[in-house]
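Reading through the structure tokens given below for one structure.
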Amino acid sequence: MLILGIESSCDETGLALYDTERGLLAHALHSQIDMHAAYGGVVPELASRDHIRRTLPLTQHVLEQAGKSLADLDGIAYTQGPGLSGALLVGTSIAESLAFSLDLPTIGVHHLEGHLLAPLLEPDPPAFPFVALLVSGGHTQLMRVSAIGDYELLGDTLDDAAGEAFDKTAKLLGLSYPGGPAVSRLANQGQPGACQLPRPMLNSGDLNFSFSGLKTAVLTLVNQYGDALDETARANIAYEFQEAVTEVLTKKCMAALRNTGLNQLIVSGGVGANARLRERLNMAAKRRQYQVHYPRLEFCTDNGAMIAFAGAMRMQHAKQGNHSFTVRPRWDLAELNKP
């Protein structure tokens, strides 16, 4: 079964071809980071217009890359939500229109399920069940994953996501968009112990997170420095901030594995690309004889490959339904069912 995947939930246009027998055949991505950088964040209208320009050319590109044509497709998967309404509508409209013209089935994929399953695209993927850390600009969640569509929420952020805290800290430090990579690069120049920030809910006894207080603590620290906030001070704050976030995430992940009795952790989402987080998780897991699985770096952020894969996994068991142009900008992962 050959599935075309379309991702257009925010500021990346991702296309991919996944074959259930041969695996990932081709993928392509256009990022809008440069376009939105001048505004310090994503402008929804600009994002939608750019998806319109990019989706069909990228579709042709992945088909050529794989030596396939539209006639070879067995189905089309697209991101139905959550995300920006206009951006989702672009991908949905193109997917459903193509499918209607080719008489193909479609499946709307939950964006977060795509992220959750992205590590399964890698060689030697983990077997079910496992614990998943989904950590991005919009979500910070721990889940027990027993099968595709069988997700138990173990812990969630009570306020802001880790990725949002990275972006806010980047703005406070005068760094460029997107904030996560910029903070990480600056943190490499920081010195341990030069300043202190709290570790929110580190010892809360549950698996929930909170990062709003950490953002406030960074703001307070920046204001305390005032005119003395030079490059050295900024690097030290970035270092301490990254240490705080990664320490909390690592401890909660180890607790989730211990509480569930599982020994496999997968990490997905944009913050999952953070090198310091990977280092801490790998060290902590090695001490406890756990295994940690990550998607390749390019699949940590939004991409078409994860949508093609998730769609293929569900489409193998799904009945063909009526074509629908409905998008779900807000969509709880708990609402998903097994295929």
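Quick reminder: no glycine exception, Cβ is built from N, Cα and C everywhere.
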Figure out which of D156, D160, D167 sits with L134, V135, S136, G137, G138, G180, N274 in the substrate site per Swiss-Prot.
D167
Name the residue, out of D230, D302, that Swiss-Prot lists for the same Fe cation site as H111, H115, please.
D302
Counting other C-beta atoms within 10 angstroms, the emptiest spot among the binding-site residues H111, H115 is H111
I need the least crowded one of these binding-site residues (L134, V135), counting other C-beta atoms within 10 angstroms of each C-beta.
L134
Neighbour tally for G180 (substrate binding site), based on other Cβ positions within 10 Å of its Cβ
25
Residues with Cβ closer than 8 Å to the Cβ of D167 (substrate binding site), same chain and 6+ apart in sequence?
G41, G137, Y177, P178, G179, G180
So for G137 (substrate binding site), how many other CB atoms are inside 10 Å of its CB?
22
